[in-house]
Amino acid sequence: MRLRIERIGAQGDGIAQTGDGPIFVPFTLAGDEIDAWLEPGPRGTIRAQMEGLITPGPGRQDAPCRHHGQCGGCSLQHLDADLYARWVADRVQMAMAQHGLGDCPMAPPQISPPSSRRRLSLKAMRTSRGVLLGFAMRQSHHLVDVRQCPVARPSLVALFKPLRALLHDLMPLRAASVISLTEADNGIDMVIDGGIAPGLSMREALAAFAQSRDIASLHVMEDGLCDPVAVNRRVEMVFDGIPVPLPPGGFIQATAEGEAALRALMLEWLEGAQNCVDLFAGIGTFSFPLARRARVLAVEGARTALDALQSGVNKASHLKGLTALHRDLFRRPLSAAELAPFDGLIIDPPRAGAVAQMGEIAKSGVRTVVAFSCNPNSFARDARILVDGGYQLCQISPVDQFLWSPHVELAALFTKS
Ligand SMILES: C[S@@+](CC[C@H](N)C(=O)[O-])C[C@H]1O[C@@H](n2cnc3c(N)ncnc32)[C@H](O)[C@@H]1O
């Protein structure tokens with residue numbers, strides 16, 4: 001069937017409108033004229049695979065990665081830089097429009113460059129032909145054996161080949177595993193989840209690997225427990241000059257560039273705030289730089305993250321006004337009454353957003369709210385709650401840390417007078 005693509009949707013697929021409804025075609029863009037074969041998609045949608053590109057639309061580029069089209073990690077490498085930046089902004093704007101907030105002021109997207117992603121979650125599988133290591137194909141469990149990755153830091157990509165060789169010796173046939181790699185500020189944290197059950201000789205092999213590849217810490221998850229197999233040094237992040245331990249597999253912003261962009265916006269928007277609260281604070285990415293000039297209450301639900309943050313606080317004798325609070329903010333959000341002392345607030349929830357907490361903020365009198373989100377859909381829903389509670393949405397700044405993927409992050413400023 002010949003199709004003309006009209007736009008790119010929220011999941012990164014090109015969309016052709018037909019009499020039978022929209023048809024979703026991966027790896028296409030607006031203006032492409034293509035030959036395609038149709039197939040049923042999930043939930044009654046119609047999908048198609050491009051068979052031939054008759055006329056390319058404007059803004060098409062050659063994908064920089066040889067796995068593009070197969071690997072499910074990226075779906076937008078065929079967009080040139082200008083078109084990709086426009087798509088990021090449109091993606092956020094479309095989500096906002098669904099909640100009646102489509103006219104909010106939007107800054108140009110800040111996009112992390114290639115080779116900057118510092119955390120990866122790789123899948124590994126031992127087959128009769130060797131170990132496959134990489135990412136799942138889109139909407140499939142099929143694993144693509146990845147040899148290059150233009151979005152990840154070269155230090156992480158350099159581990160693919162030796163990791164494959166290591167796992168070949170350790171994994172039984174048909175075993176599957178997830179390998180999390182995070183490059184913190186003083187080295188790489190590796191967590192192997194599933195697929196191996198390390199006895200003494202395996203531990204020795206893993207420790208030798210960690211030593212030879214300068215892996216700072218290597219843990220194996222077994223029965224829900226995190227087993228430290230080789231800890232050459234404590235993995236740390238440095239926030240505003242303060243070293244903070246990173247728990248195994250702990251959360252950091254996906255790129256240093258993205259973290260810097262979010263931090264700069266936060267410090268600008270909270271200028272003048274004296275008493276701030278940082279909700280979903282993690283290990284203190286935003287609390288530490290803000291605590292240099294304001295009192296900060298950091299609230300976090302993961303005990304390991306909070307302990308790490310507290311350890312940073314203990315080392316920073318000059319930070320008299322940074323305190324940490326352990327709290328499940330889904331079950332027990334900070335109430336409007338508890339928020340009364342604060343004039344500045346940061347909120348950075350997981351992908352699902354934070355409906356209950358936003359409801360309490362909406363009722364509060366906190367003057368400035370800085371919201372970070374890795375999901376424009378849940379963010380738009382939560383933003384509506386704040387706007388209905390009397391907040392003005394002053395600006396949205398897309399900050400894209402997942403280059404060429406449909407995952408878009410953003411920062412937003414809300415104020416109440
Ligand atoms: C997107 S991360 C942000 C972390 C931090 N702001 C940063 O930039 O490093 C979301 C954080 O929310 C925490 N979290 C998840 N569910 C939570 C809950 N129910 N209550 C409190 N914190 C929670 C996670 O542990 C994680 O640290």
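Just so you know, glycine gets a Cβ as well, placed from its N, Cα and C.
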Which of GLU204, GLU222, GLU300 does TrEMBL put in the same S-adenosyl-L-methionine site as GLN253, PHE280, ASP348? GLU300
Spatial neighbours of CYS374 (active site, nucleophile), counting only the binding-site residues PHE280, GLU300, ASP348 and Cα distances within 10 Å: ASP348
Farthest-apart CA atoms of GLN253, PHE280, GLU300, ASP348, residues recorded for S-adenosyl-L-methionine, distance in Å: 16
Candidate with the highest Cβ count within 10 Å, taken from the binding-site residues GLU300, ASP348: GLU300
With the S-adenosyl-L-methionine site defined by GLN253, PHE280, GLU300, ASP348, which remaining residues of that chain have Cβ atoms positioned within 8 Å of the Cβ centroid? PHE251, ASP278, LEU279, ALA281, GLY282, THR285, PHE286, PRO349, PHE372
Test of understanding: give the count of other CB atoms lying within 10 angstroms of the CB of CYS374 (active site, nucleophile). 20
